[in-house]
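Visitor: Quick one: structure below, then a few questions.
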């Protein structure tokens, strides 16, 4: 056998050079803490992120690329976002990552925009989102202890993360993706449990499924660091422009003596509650705070950089002495508006960022085209009670005492409770629910005639009359489960049986209502000619059709004179309106929801209380977010009269 010729020296050198070039490639991608120099290193080079929050679940998928591009052009090098568990696992073991829930598609859009990712997968996220992102089906076990080492809760968390985390594993930075760090839980120090075993379990689960290389961190406000931080997870803080930066970063140093300073939530604006004034934060305050942090070399994430919208029933709520549901708009006074337009606040922040790092060349896009239309007259489709056979095709559930939404597996929206008077009630008699047992808002009818509203923490009684055998209907609206802090299990519906006079009302029929299906698939049904009052009131459907001219544009639905309800456009649940209470007076309508010229668009309203004399709507070319028509609604638990508004203490997310 012939001997092989040995490789000549030049060939050996060439081969060695190729190996040197190829072998390190697997190791060059890294994002780590430089403990000696108090900074991050990206691929071994000093790095500081200037990031902004955007929630893919508050923005239609077709608009993701636009919003991310504007963030990158603002000078940001990273985007931070949550993953809401309840958005992806609507029922135990049933997962949805399609359409606007396609998390991987959003990661890819961020990569195209050249943005790194700071991921916050929970399991609890707050985000002013329904139940802080936890699925309502967890409450089907009434004694479950959320956000603790309760075995029932941990089993559900483990099952969810064994689906979610392998999906994102290829997107970790050291694996070639764009995720540089991942938060464990969210502001856990603000939760009453302070269950260190729970946090340790989560940290172990993340490590087991994601490996040791990814940077894991926690985020807390200054009071939450004690219970929210955990050895082995990098401790970061959150605070806004009005807070004492020096003091709060000094607190971070108590938990992380070395490593970079990080503000994971620097508040560019604030959320809105129904009945409160629209929140704003001045450009001067926000830019000054950012500049001061960047001068210190800190990494910063601005919450929010683009807020978006709580479409459908997805808004959360707070409990601060009374129940405070959050508005449909999540504009947040952010640098990019709810409609995706750049604002003066964005240009001011971009100018600050440009003093510390390079800004991409090129102009920012102009505002999107806006459209005006109307007024349009809406027409009566019928009273909600006329459509029970369509709203609850499976028929009612029978029970001696009323059952909660959770007990009948109705996660969101509405449920109708029905009983019958066993004796005549001739004189106006008090109707009430003990122990603040209306969660969250009840619309009461007798023989189909609207009697008024009971409201959690606020309005506690009505006075009813009725003949023997009269039908008593109580429509319950879930206004959003608690999403922040000590968010105990927030069950919805009638938590106690109502009382009429001295009689506890029993023998209830419960109709879990599929309102979205009715609007999307079954309208227009034959209008039923039942006898009804001349002035429409109570839960009632109105609708109309309209076409748009030319290519149209984004627009804002204005509902002057309407009271409160839900609105759909072309079957899409746009969200809640509450014109009477404010501050939000318009609903954002993204252009992609509307059919082009030549096609008819359909708008449907479910008005829950009172219809205006002229049942009209308009589409405006700018939003109205700051008009609280009446004084702030704050009630005491012991009275049915309004009290003067009180200043709200701001808290984290």
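Don't overthink the numbers, they just go from 1 along the chain as shown.
From the backbone N, Cα and C atoms, a Cβ is placed for every residue, glycine too.
Since this is a predicted model, take the numbers as computed values, not measurements.
Relevant sequence annotations retrieved from TrEMBL are reproduced here:
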- 1-28: signal peptide (SIGNAL)
- 187: active site, proton donor (ACT_SITE)
- 265: active site, nucleophile (ACT_SITE)
- 402-514: domain 'Beta-galactosidase 1-like first all-beta' (DOMAIN)
- 539-597: domain 'Beta-galactosidase galactose-binding' (DOMAIN)
Visitor: Please report the distance from the Cα of residue 265 (active site, nucleophile) to the Cα of residue 187 (active site, proton donor), rounded to the nearest angstrom.
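Guide: Their Cα atoms are separated by 11 Å.
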Visitor: For the domain 'Beta-galactosidase galactose-binding' (539-597), DSSP counts of helix, strand and coil?
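Guide: Helix (H, G, I), strand (E, B), coil: 3 helix, 27 strand, 29 coil.
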Visitor: Taking helix as H, G and I and strand as E and B in DSSP, count the residues of the domain 'Beta-galactosidase 1-like first all-beta' (402-514) in helix, strand and coil.
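Guide: Its residues divide into 3 helix, 55 strand, 55 coil.
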Visitor: Within 10 angstroms of the C-beta of residue 265 (active site, nucleophile), what count of other C-beta atoms is obtained when all protein chains are considered?
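Guide: Taking every protein chain into account, the count is 25.
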